[in-house]
Amino acid sequence: MAKGFYISKTLGILGILLGVAAVCTIIALSVVYAQEKNRNAENSAIAPTLPGSTSATTSTTNPAIDESKPWNQYRLPKTLIPDSYQVTLRPYLTPNEQGLYIFKGSSTVRFTCNETTNVIIIHSKKLNYTNKGNHRVALRALGDTPAPNIDTTELVERTEYLVVHLQGSLVKGHQYEMDSEFQGELADDLAGFYRSEYMEGGNKKVVATTQMQAADARKSFPCFDEPAMKASFNITLIHPNNLTALSNMLPKDSRTLQEDPSWNVTEFHPTPKMSTYLLAYIVSEFKYVEAVSPNRVQIRIWARPSAIDEGHGDYALQVTGPILNFFAQHYNTAYPLEKSDQIALPDFNAGAMENWGLVTYRESALVFDPQSSSISNKERVVTVIAHELAHQWFGNLVTVDWWNDLWLNEGFASYVEFLGADYAEPTWNLKDLIVLNDVYRVMAVDALASSHPLSSPANEVNTPAQISELFDSITYSKGASVLRMLSSFLTEDLFKKGLSSYLHTFQYSNTIYLDLWEHLQQAVDSQTAIKLPASVSTIMDRWILQMGFPVITVNTSTGEIYQEHFLLDPTSKPTRPSDFNYLWIVPIPYLKNGKEDHYWLETEKNQSAEFQTSSNEWLLLNINVTGYYQVNYDENNWRKIQNQLQTDLSVIPVINRAQIIHDSFNLASAGKLSITLPLSNTLFLASETEYMPWEAALSSLNYFKLMFDRSEVYGPMKRYLKKQVTPLFAYFKIKTNNWLDRPPTLMEQYNEINAISTACSSGLEECRDLVVGLYSQWMNNSDNNPIHPNLRSTVYCNAIAFGGEEEWNFAWEQFRKATLVNEADKLRSALACSNEVWILNRYLSYTLNPDYIRKQDATSTIVSIANNVVGQTLVWDFVRSNWKKLFEDYGGGSFSFANLIQGVTRRFSSEFELQQLEQFKEDNSATGFGSGTRALEQALEKTKANIKWVKENKDVVLKWFTENS
C-alpha cells in the first residue's frame with residue numbers, strides 16, 4: 001500500500017509556505033489506511049439490523065473473558081487451513097427502507113483439518129447471518145466420513161470471529177466445506193466492502209468497492225483473515241446490468257440474472273493462492289483506457305467517465321507498461337497474472353492499495369490532466385504506480401507470514417518505486433529523491449527514544465489496532481532506507497540475484513525476513529568480488545531488530561572514528577533494550593582528495609589513517625547518502641567544508657551538499673554541535689541553485705520557524721531568508737522568461753516553487769506583487785486560470801494569506817466546483833493559509849461536514865490549518881473540545897489520529913503546552929487514541945525536547961540571524 005496518506009510527498013513540496021516537513025518533526029505517512037483506526041469502537045458496535053436477517057444461537061460472549069479459549073485470542077489457531085472460497089456478493093447501490101446501503105452474500109469455504117479440533121474459528125465482522133437450519137452455517141465433509149453435527153454458533157465481537165462449536169471432532173487430514181449466507185452494510189467508512197460516491201452531470205453516483213488491508217476482508221464475508229492463510233478465491237458479483245463488475249481476475253462468464261433481467265451475474269476466474277487482504281471487487285459505471293504490454297498483459301486504467309473522456313488516464317496508461325516490464329526484468333520473474341487493472345476512486349483513504357490484478361488508488365494518485373496538473377502531481381502518479389506494481393511480486397506473489405514483518409513488504413516497495421519510476425521517466429533523476437522523501441523524513445521519528453524497530457516479535461502484534469500502528473514512516477521509509485543501503489553495499493546486481501532466487505523459491509507462499517537474508521547470502525557466496533565483514537544476516541539484523549540509527553563521528557586530525565546511537569534528546573533513554581547494545585556494522589563510502597573509497601566500521605570505535613587529512617584537505621563520509629546514519633566531524637573539518645562550499649560548491653556532490661545541511665542541523669538539535677555551525681552551513685545558499693540543498697535547508701529551517709514564529713526571533717530569521725533567497729528568485733525569473741516558461745528539469749521546477757514560496761513568505765515585495773497579480777487575473781476571469789499548474793499551490797496560498805474574505809471565498813467557490821482532484825487538493829490546502837482567525841475557524845467547522853470536505857481529506861485539512869501559526873491554537877482547542885466526538889465519528893473509519901496529533905502539536909515548545917498535552921492524555925484516557933496512541937507518546941517526547949532546545953538556543957539563534965540578516 002502506498003504511503004498515505006498520507007500526504008503526498010510532492011504535494012508537500014508545493015505547500016512550503018505552510019512549512020516543508022521539518023527534519024525534526026514527526027511525520028506520519030500520507031498515505032494512511034482506512035484500517036489505521038482504533039478498533040475498540042468497532043468492536044463494541046452492534047452490526048446494523050438488516051431486513052431478512054434471522055437470529056441464531058448465542059451472539060455475544062460472556063463479559064468475563066477466558067483468555068485460554070482460542071476464540072478469545074486474536075491470532076487464528078493452526079487447526080484449519082483454507083483451500084478455496086466460493087463467494088457471491090450482491091451490492092445494492094440505492095438505500096433500503098431503513099435508509100441503509102447493504103450487500104447480500106453467500107460463501108462456501110473449503111478447508112483442511114490440520115489438527116484435530118471440535119471448533120471452527122473463522123473471522124467475521126459486522127455481518128448478519130441467515131440461518132441454515134438451526135445455525136448460522138452448514139458444514140459437510142468431502143469424502144466418506146461425515147462431518148460432525150453443529151452444536152452452537154456464536155459471534156465474538158472482541159476478536160471478530162464466527163465460532164462454530166461441534167458435537168464431534170474434525171479429522172486431521174480431511175477436507176470440509178462450510179456454507180453461509182449473510183448481509184452487511186455497504187457503508188461509507190472506507191473499509192471492507194464499502195461505497196464511494198461522486199457527482200456527475202448533477203447526479204449522485206455510487207460505487208461499490210473494497211479496501212481489505214489489513215483486517216477487513218472479514219467485513220465482506222467470513223474468512224480466515226490472516227496473510228499466511230492463502231487460498232484460491234472464486235468471486236461472483238451480482239450487479240445492475242448497466243454497471244461493470246471488476247475483481248482480481250478476468251471475467252469467466254457473464255449472464256443475466258434469471259429472476260430479474262435488470263441484474264447481471266459476473267463470474268470471475270479463480271485466483272492463484274493469495275492472501276485475503278489482497279482481494280478486491282468493484283461495481284461501477286467507470287470507463288477505461290487500455291493497452292497490451294509487450295508481455296501480453298492486458299492493462300486498463302479505470303476512472304469516472306468524464307475523467308477518462310478528458311484523457312486523465314492516459315499518463316497512467318503510458319507508464320504502467322514500462323514499469324511492469326522493468327519489474328519483470330528486475331525480479332527476473334514474469335508478471336504473475338493476465339491483466340493489470342488500476343482504478344481511481346473518489347473516496348479512498350490510503351494513497352493506493354496493491355490488490356492483486358486490481359490496484360485501487362486515490363484519484364490524485366492515478367489521474368493526471370496535462371492542462372491542470374503540476375509536475376509534482378505527475379511525479380506522484382508515476383511513483384505511486386511503481387510502488388503498487390512492485391507489490392504485485394514482492395508482497396502479493398510472496399507475502400510476509402505475519403504483519404510484524406510488514407516493513408519488508410512496504411519498505412521494499414518504497415525503495416524500488418524510485419527505480420521503477422526512474423525507468424519510466426529517465427530524465428527526472430528520481431532516484432535521488434529517496435534521500436529527501438524517505439531517509440531524512442524518517443530520521444526525524446527514528447531519532448526519538450520512543451521509536452521502534454523495523455521488525456517486532458510476532459507475539460507483540462495481535463490486534464487490528466496493533467497492526468494499524470505498524471503502517472507508519474518507520475515501516476515505509478526506514479524500510480526503504482536500509483534496503484537501499486543493503487543494495488548499495490552488495491551492488492545492485494547481487495541484490496537482484498538474491499531477490500530473484502527468493503521470489504522463485506517462495507512464490508505463492510509466505511516468508512519471514514530471514515528468508516530474504518538467506519537468499520542474498522547465497523548470492524554473495526556465489527562470487528568473490530564483493531566481500532563483506534560478516535554475513536548479510538549479522539550485518540542487517542542490527543538495522544532491523546534495534547530502533548534508531550548511529551551518528552558516525554570522525555576526527556580528521558587523529559583518524560579516530562566512532563559510532564553512537566543518535567537521539568534527538570541525548571538525555572532520553574530508549575524505550576526498549578537492544579541485544580546489540582545499539583551498535584551497528586556500518587558501511588561508509590567516503591570522499592578524500594577527490595577520490596571515493598569504502599570502509600566498514602564493525603565496532604564502537606576505531607582509528608585509521610584513511611580518515612586523517614592534511615591542512616588543505618577535507619573529508620566527506622556517506623557519499624550520496626547511501627548509508628542510514630548521520631555524520632559528524634571535528635570543527636576543523638567542518639570549517640574546511642564550509643570554505644569549499646563558499647569557494648566552489650560544485651566539488652561536493654549535490655546530495656552531499658544537502659547532507660551537510662541536514663546532518664549538521666540535526667547534530668546541533670541533539671547538542672552535538674553549536675547551533676551557529678549549521679546556520680553557517682546555509683551561507684553558501686546565496687550561490688546555490690540546486691533543489692536538494694535548498695530543500696534540505698528549508699526543511700531544517702522550518703523547525704526554527706515552528707519554534708520561533710511566535711517570538712521575536714522570527715523577524716531577523718525572515719530577513720535572513722529574504723537575503724538568501726533573493727538571488728534564487730532572480731535566477732528563476734530570468735530562467736523562466738519572467739515566469740512565463742518553466743525550467744526544463746524536474747528538480748529545477750521544484751526549486752522554482754521553493755524560490756517563490758520562500759521569497760513570498762520572507763517578505764520579498766516583488767514576489768507578493770507576482771502572486772497577487774496572478775490571483776487577481778484569475779478572480780477577474782474565473783474561466784481562464786493564468787497560473788501555471790506547478791505554481792498554483794504556492795500562488796493560491798500566498799494570495800489568500802495576503803488577501804481577505806474575498807480571496808478566500810473565491811477559492812472556496814473554485815474548490816466546490818473543481819472536478820479534477822489535483823486542483824481541488826491545491827485549493828483545499830491553500831484555504832488554510834488565511835491570516836483571518838474567523839475564516840480559519842469557519843473552515844475548521846467545515847472539515848467535519850462530509851458535504852464540504854470528504855472524510856478521506858478531513859485529517860490533512862485540519863493539519864493544514866494547524867500548520868498555519870494563526871490556526872494552530874484554534875485547532876488545538878478544537879481537538880481538545882471535540883476529541884470524544886472525533887473518536888466516535890471517525891475512530892473506526894477514515895480518520896488518522898496519528899497525523900492529527902502530530903500536526904497539531906509540532907509547534908509545542910513551552911511548559912504550558914506540555915501541561916496541556918499531558919492533561920489531554922489524562923482527560924481522554926477512557927476514550928482512547930486509536931492509531932494515535934504511539935503518536936501521542938512521541939508528541940510528549942518531542943515537546944520536552946523542543947522546550948529544552950528553545951531554552952538553550954533562542955538567544956544564540958536571535959543573535960546569529962540579527963548579525964547575518
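Positions of Cβ are set from backbone N, Cα and C atoms, glycine also.
What Swiss-Prot annotates here:
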type     : residues : note
CARBOHYD : Asn114   : N-linked glycosylation site
CARBOHYD : Asn128   : N-linked glycosylation site
CARBOHYD : Asn234   : N-linked glycosylation site
CARBOHYD : Asn242   : N-linked glycosylation site
CARBOHYD : Asn264   : N-linked glycosylation site
CARBOHYD : Asn555   : N-linked glycosylation site
CARBOHYD : Asn606   : N-linked glycosylation site
CARBOHYD : Asn624   : N-linked glycosylation site
CARBOHYD : Asn780   : N-linked glycosylation site
MOD_RES  : Tyr176   : sulfotyrosine
REGION   : 33-68    : region 'Cytosolic Ser/Thr-rich junction'
REGION   : 69-965   : region 'Metalloprotease'
TOPO_DOM : 33-965   : topological domain 'Extracellular'
TRANSMEM : 9-32     : transmembrane segment
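Annotated features, which come from Swiss-Prot, shown on the structure.
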residue : record                      : DSSP (3 states)
Asn114  : N-linked glycosylation site : coil
Asn128  : N-linked glycosylation site : strand
Tyr176  : sulfotyrosine               : strand
Asn234  : N-linked glycosylation site : strand
Asn242  : N-linked glycosylation site : coil
Asn264  : N-linked glycosylation site : strand
Asn555  : N-linked glycosylation site : strand
Asn606  : N-linked glycosylation site : strand
Asn624  : N-linked glycosylation site : helix
Asn780  : N-linked glycosylation site : helix
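Within 10 Å (C-alpha to C-alpha) of Asn242 (N-linked glycosylation site) lie the following recorded positions from Asn128, Tyr176, Asn234, Asn264, Asn555, Asn606: Asn264. Distance from the CA of Asn114 (N-linked glycosylation site) to the CA of the residue listed as 'sulfotyrosine' is 11 Å. The separation of Asn114 (N-linked glycosylation site) from Asn780 (N-linked glycosylation site), Cα to Cα, is 72 Å. Using CA atoms as reference points, the glycosylation sites Asn128, Asn234, Asn264, Asn555, Asn624 were checked against Asn606 (N-linked glycosylation site), and the closest is Asn555. For Asn114 (N-linked glycosylation site), the Cβ neighbour count at a 10 Å cut-off comes to 14, with all displayed protein chains included.
Just so you know, the Cβ of Asn234 (N-linked glycosylation site) picks up 18 other Cβ atoms within 10 Å once every protein chain is counted. The shortest Cα-Cα distance from Asn128 (N-linked glycosylation site) to any of the glycosylation sites (Asn114, Asn234, Asn264, Asn555) is found for Asn234.
Checking each of the glycosylation sites Asn234, Asn264, Asn555, Asn624 against Asn114 (N-linked glycosylation site) by C-alpha distance, the shortest gap belongs to Asn234. The separation of Asn555 (N-linked glycosylation site) from Asn624 (N-linked glycosylation site), Cα to Cα, is 21 Å. Distance noted between the C-alpha atoms of Asn555 (N-linked glycosylation site) and Asn234 (N-linked glycosylation site) is 64 Å. When the neighbouring Cβ atoms lying within 10 Å are counted for each of the glycosylation sites (Asn242, Asn624), the highest count belongs to Asn624. The most crowded of the glycosylation sites listed here (Asn264, Asn555, Asn780) is Asn264, judged by how many other CB atoms sit within 10 Å of its own CB.
Within 10 Å of the C-beta of Asn606 (N-linked glycosylation site) we count 15 further C-beta atoms, all protein chains included.
In the predicted structure, the region 'Cytosolic Ser/Thr-rich junction' (33-68) carries a mean pLDDT of 43. There are 24 other CB atoms within 10 A of the CB of Asn128 (N-linked glycosylation site), with all protein chains counted. When the Cα atoms are compared, Asn234 (N-linked glycosylation site) and Asn264 (N-linked glycosylation site) turn out to be 17 Å apart.
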